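Record features, source TrEMBL:
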ACT_SITE  Lys172  active site, proton donor
BINDING   Lys136, Lys160, Ser414  substrate binding site
BINDING   Thr255, Asn286  NAD(+) binding site
SITE      Asp212  site 'Important for catalysis'
Amino acid sequence: MTGFGDNLVGFCGTDSDSAAGFFTCNLYINIVCLWIRSRIWIWIWIGLDYLSQPPDFSPIFGLYTVPRPTMNALVATNRNFKLAARLLGLDSKLEKSLLIPFREIKVECTIPKDDGTLASFVGFRVQHDNARGPMKGGIRYHPEVDPDEVNALAQLMTWKTAVANIPYGGAKGGIGCNPGELSLSELERLTRVFTQKIHDLIGVSTDVPAPDMGTNPQTMAWILDEYSKFHGYSPAVVTGKPIDLGGSLGRDAATGRGVLFATEALLHEHGKSIAGQRFVIQGFGNVGSWAAQLISEHGGKIVAVSDITGAIKNSKGIDIPSLLKHSVEHRGVKGFNGADPIDPKSILVEDCDVLIPAALGGVINRENANEIKAKFIIEAANHPTDPEADEILSKKGVVILPDIYANSGGVTVSYFEWVQNIQGFMWDEEKVNNELRTYMTRGFKDVKEMCRTHNCDLRMGAFTLGVNRVARATVLRGWEA
């Protein structure tokens, strides 16, 4: 058997005992060692230089063209969970158990399109935890749906339902598609195929889906109908349904109304009220538009708004009823003549008292955190603020109301809908709104109590509250290390 040493001797010369052979062998070895050492030092130098450069510096080309990747949603969520677990002093095995999803589902959904061709899409459903009750979470249709994002959002739902103190665990799902490029009939076929693939894994007391980005009450109606073909009529299997199929009054405005109640609670804590405060809202979909309407009705001044079509600003305050009408007629805020157009990229750094990000996640990061002028940030979107931005804003004295509390109004009223469906007894809208106010107000007090107990900010107060409730339920049900 030929070994490495035999090959080296052969390479250096057949007469390894001779002085010439020995010199040649050493020369080759030294050359190889010098080459390896030089490569190591070059890459160490590049690494150190990279860390000292701005986020968009490219170490290979020396150009400010390649952005350094931001922390993705799953990494950020895990980071917040681990910080909370450390504050709570959780057992390491229990901590690991709480972090791992209960079940991850990935299915292929192939449908015939209207033109007769076949199209395949990948659907996901992550069921994170069921210690406190059936798993709960939305289904989104978006081109960028991926397992990491769905996993992070499912985990967030676990903590969110615990913070809201409703008897649910967390789940999330989605299909990687662009709903704007599909016809209504194609969307229906896609939804029904997805339901066929997962119907045995969802249910009234197992996993209760709801609308999310790119889906709506009609989507839930299709899921209800398809699920009922296998399991009998089951209105409580989904929430966010049309009213005629057992949907709850007040559900459409619930997340935005919850943002209102959360904002009232935070401002009251600081001796302020909504009236007279200047607000900037990024995102004018369901959540952003309802938040703007309700805040405006309570005397708040909306000075800037943006959506996918553009951004507008009026320092004297935007006429929200007129903007709502314009947005419906023109499918966006762009072109509204009651405000001036601005660069959508500047919306987060506009001068205001309260900033409400109500669009996608990760929009507040290390690159723009220093420029934010708001004194308060209400996270109406899921994970709009990166942990690195959190630290920067905290040093600036900006108070952030975290997403797992601030946007929990939607899932809270979804719980009310589920309860009404199970009881077969529907509530009027006033009762729904009053109960939501009670839950949101009590939730803020619970978060503040955890902040005082652990001497932490609102985000860690909310995470410790949620994680602690789930951990206690897990242990009480008989968890063993």
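Keep in mind that glycine also has a Cβ here, set from the backbone N, Cα and C atoms.
Note that TrEMBL annotation is computational and uncurated.
Within 10 Å of its Cβ, the residue among the binding-site residues Thr255, Asn286, Ser414 with the fewest other Cβ atoms is Asn286. Thr255 (NAD(+) binding site) and the residue listed as 'active site, proton donor' are 17 Å apart (CA-CA, integer value).
Of the recorded residues, Ser414 (substrate binding site) and Asn286 (NAD(+) binding site) place their C-alpha atoms 15 Å from one another.
With a cut-off of 8 Å between CB atoms and residues at least 6 apart in sequence, the same chain places Met157, Thr161, Tyr168, Gly169, Gly170, Ala171, Asp207, Val208, Ala210, Val411, Ser414, Tyr415 near Lys136 (substrate binding site), listed in sequence order. Neighbour counts were taken at the CB atom with a 10 A radius for the recorded positions Lys160, Lys172; the maximum falls on Lys172. Between the two most distant C-alpha atoms of the annotated substrate binders (Lys136, Lys160, Ser414) there are 13 Å. Listed in chain order, the extra residues whose Cβ falls within 8 Å of the Cβ center of the substrate site residues Lys136, Lys160, Ser414 are Gly137, Met157, Thr161, Ala164, Ile166, Tyr168, Gly170, Ala210, Ser408, Gly410, Val411, Thr412, Tyr415. Rounded to a whole value, the Cα-Cα separation of Lys160 (substrate binding site) and Thr255 (NAD(+) binding site) is 13 Å. Of the recorded residues, Asp212 (site 'Important for catalysis') and Asn286 (NAD(+) binding site) place their C-alpha atoms 10 Å from one another.
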